[in-house]
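Noted in TrEMBL for the protein shown:
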| type | residues | note |
| --- | --- | --- |
| DOMAIN | 14-125 | domain 'Thiamine pyrophosphate enzyme N-terminal TPP-binding' |
| DOMAIN | 224-362 | domain 'Thiamine pyrophosphate enzyme central' |
| REGION | 397-474 | region 'Disordered' |
| COMPBIAS | 459-474 | compositional bias 'Basic and acidic residues' |
| REGION | 522-543 | region 'Disordered' |
| COMPBIAS | 530-543 | compositional bias 'Basic and acidic residues' |
| DOMAIN | 602-714 | domain 'Thiamine pyrophosphate enzyme TPP-binding' |
Amino acid sequence: MKNPTDRPTHTAVVGDVLVDALYACGVRDAFGIPGDYAVPVFQALRRQEGKIRLHTLSHEPAVGFAADASARLQRRPCAAVFTYGVGALAALNAIAGAFSERVPVVVVSGAPGIAERAKGLSVHHSAKSLDSQAKAFEEVTCASVIIREEGDLLTFPRKLAEVLRRCRVEARPVYVEVPRDAALWRCPRFDFESLVHFVQKEEREMDSETLAECVGELTHAAVQARRPVLVVGLEVQRFGVERETAELAGCLGCPVVTTFSGRGCLFSLQMGGEDHLERGLLPEGIYWGEAGDSGVREVVESSDLPVFVGAPLSDVDFGMVSCRQELMRRAVRIEAFRVSVRRHVFEDLPLQAVIPAWLQQLKKQRRCPASSFRTPLSALHGPSPLWLLPGSRTVRERDGDRESQGVLALLSPSDTEDVGRQDGASFRIFVEAPGGGSESSLKDGTRSEGTPEETTEREEEKIPEERKKTDASEERLLALGSADSVLITSLSPSDSVLGNRPIRPEDIATVLSVKFRALSMGESDTSGTSREKGKGAEGETRCSLRPAHRIPRERGVLREGAEKAKEGADLESSCASPFLVIPDMGDSLFVSVLLDPEVPVLSHGNYSSCGFAVPAAIGSQVCGGPRPVVLVGDGSFAMTGWELLNCRSLGVTPIVIVLNNQEWATIRQFDPLADYTVLPRVDFSGLAEALGGKGCVVRTRGELVEAIERAFAFPGGCSDVEHSDVCTSSFFLIEVRLGREERVSSLLKTFQRKFEEARQAATSVRE
């Protein structure tokens, strides 16, 4: 066989051509694990390391998950490099998840050399045939290019360009297989910069007349609708139309919710500063049928025009919607390459072309649709819960020169009771009695007139006699005026009546939500970078969980008058979000649903593979994302949690919260008598030390608050001598030991109950 490296003119080494193509496609990060068949590809990446950063991990599934998260965060393809057989096939599940979740991952696999195959011997790492791996990846990728023989070198560059174009256009994984000897041979050069012209807005040829007809029907439906609602799914982020969708919400003037798998699909807006506020989009809830919030369900299912954007039908999102068929008959559905306007279907219209065109047409109307009431969702279905941090705290509310003070206690959802609206504001305030019962601080939600002192006396009359006997410094709401916000000025969890209570999974969401708000208000950030710090009433500098934390009175979908933030911030270099929450499968995913809507979330909700979160945290931060906060159960941690040992070498600093209930608790909900769900007890905090990080164990709400305080104090900018030891660690692990009564969240229990009811109903219909 003639050595292809001897070919002369206008050629380049195949490995270098591959790297050039990946770079032109937008790839800036590659994750992988070296193996004998993949060494030439790794060498090519190293030769051009100024183009693509290479990150190595410990197990192939983690490589796939990390590449998935990196691609989502950067909104461009990411490469995952494996050796043949034992490497690539081990990552098949992770790539299947990327396909299901529409994430552009370029799988690059080494392979046995062409010369080796000609010997007629079975090669190591091979299965049924040398094509077995390629056939397996056909089911989880949208396109592939494989060099099988020398003649393929002539067409390889052009085919590679087409495969990478499809990766960008369809937002799905692709497969590239290069034999280890062919990677060192030469092939024709190709102008991969032309790829840029293929992946602009016009990524697919489409009929302009069809687009115009589609937009016309969409506009007519919007103008006629009086109660529209926007339901946003994961494809909005995958195809990069978050900002256009935000503007669409502003034009329609309607409530905005997300699907369950789409939770966090707008995180790039949330992390980019305040574009979501300036442009009008802040999701207020999750539509999940019978398993979700009843108020959100009422708004969506009573709407005369539910608009589903980037929300493909799946059992995860719509399996609990009993009125699905009737709802879809009157709905508008805009998916990746398909639009349904009630009964009329338009094929081959890309999402990223339809949304801008519809938005432009609505603006041309020069009048608002009939629905433009600009009303927050909370005003449509009643007050939304106001979740505060566990423990007692001083509350100061100002109304001009008037000021009243009191104490609020944090309650989880199961402790709460609707108080109604306070002077028209859509929120609840709850106070828990020492005996464990829940009492409303204000019964009718109407602000009393008069001086603060008179208001205080009237509100105290509504408190039962035994309640008045408790120490006022613990939990007594003295008064609430008519100010625009509540100012939380202190926190002392160790002194709290609630602080000594066992942790429930819901408490984790509450603490993280308040921490996010606190950091967003100007506290020093999680990486040690200095931000403007809040000052106390006496001028002291507040830190972490003791900042001035303002709770808006109206958390509406449409917020006008927000100061325009600097546009064009690149997620690679800076990120306005204090942190990014990444939940794993199981109860961790349900806990993430309870987070404040403004907290950005990156989840694997649709495919729902265990083991996603820890590698995803690494992948998200190495590409320039905010500090990740991982929510993971003990079962899922055992799969990929070991990747934390790479944190120090990669320079990433995740905070990992392990929900340790010593079982597969989600499965236990479906089989309460099962013994196969029990897991061995593991000292995760001790394991953290062995993996090069810092760990602690928490059992009570107060301990959880203090642990979060410590976690956000490192690895940089730590000046507290008591906690200075954590500053040298790469990651911080909080092991939450859950008791038997608190081992799963109330939301998971609700889901299981509703799921069982739906299953029984379906069974009875068949019978």
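Glycine is treated like the rest: Cβ placed from N, Cα and C.
TrEMBL annotations: computationally assigned, not manually curated.
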Grouping DSSP H, G, I as helix and E, B as strand, the residues of the domain 'Thiamine pyrophosphate enzyme central' (224-362) number 59 helix, 28 strand, 52 coil
Integer mean pLDDT for the domain 'Thiamine pyrophosphate enzyme TPP-binding' (602-714):
92
DSSP helix, strand and coil counts for the domain 'Thiamine pyrophosphate enzyme N-terminal TPP-binding' (14-125)?
55 helix, 20 strand, 37 coil
